[in-house]
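Structure first, then comments.
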Amino acid sequence: MSFFSLTLNAAITGLVLQLASLPSIAAPATLKTTQAGYQLMPDEQRFDGLVEAVYQSTISAQTAGEIIELPFDVNDYVPKGALIVRLDDKRQKAQLDQAIASEARARAQLADAESDYRRKQQLFKKKVLGKATLDKAETALKSARAGLELAQAKLDQAREQWEYTRVRAPFAGVMIERLVEIGEHARTGTPLATGLSLEKLRVQVAIPAHYAGHIRENLQARVQKPGGQEWLESTDITLFPFADPHSHTFTARVQLPEGQHGMYPGVLAKVAFLVGRQQALLIPDSAIIHRSEVTGVYVVADSGRIYFRQLRIGRPAAGNMRVVLAGLEEGEAVALDPVAAGIALKQQVNTVSHE
């Protein structure tokens, strides 16, 4: 502790002793207070974890061709569905055009077969045409339908092969590796690029064996966002059923809510795991005042006298509350407005001095 802090603490202690010997002076009626009290709150243990991408994949060519376009480079952000590799499509386009023509021809043949069958069916009803001729027309109709189905299947296959010349991102993320260059010839199965998703992240944490059972019972955690002010809640937690034989720790994976949240793979993140419940002394966070290296509150005694009390505070709690580790007892009244309490304390001192 610095010399300034020691001096300030001594001054505060002297002021408290001086006020203790003074007559009772009521605190202003407008000064609102609250009582410090114990509440049951989550007991958490915090560990450092490593952010990693859930989805990381290498995209391979589904058709052969020369690479003619690479719109993105390594470390570029790639939107979902964006073109990342384009292959020369002359061969696939020719096959597609041929399949389109074959499908159109098969469709026309089916239309002719349907028309011929309907005409012969009318003639058969009029007993102008024999049954054998009608059966032959029906067979031709079925053959035309099968021919159209085959042509449509070949068209779908040709269109798929043509679409394979345009490789698109399966998810939004970052290209971390580009495995080909313009002018190279890609074969079916050739790796093209590797990317990872920024929309689906998780944090991997090494858990000491002592806490593994408690974490497995609760399966609830919070991950601190960059900046340290906000936390992301998660109940999607996987705790491996075996320990690392070298570190003797269990691996836990905490899935983050979908979204980027300002977090990136490879960075460290603080993770708080729920391990049970405990009683904690709480006061409103707004009642706490910081003066240099001293943290405290203004306590209002039953007599109305105001004291400045140095505290040792803990972590934040729900409802804008703060855990008090030392310096305060349950039931003591704390001023909600430390600025107003400081003014009232000064007025009490001045009043006594004038008397």
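The backbone N, Cα and C atoms fix where each Cβ goes, glycine too.
The following features are taken from TrEMBL:
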COILED    96-161  coiled coil
DOMAIN    95-165  domain 'Multidrug resistance protein MdtA-like alpha-helical hairpin'
DOMAIN    203-273  domain 'CusB-like beta-barrel'
SIGNAL    1-26  signal peptide
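Taken residue by residue, the domain 'Multidrug resistance protein MdtA-like alpha-helical hairpin' (95-165) breaks down under DSSP into 64 helix, 0 strand, 7 coil. DSSP places the residues of the domain 'CusB-like beta-barrel' (203-273) in helix, strand and coil in these numbers: 10 helix, 34 strand, 27 coil.
Over the coiled coil (96-161), the average per-residue pLDDT in this prediction is 92.
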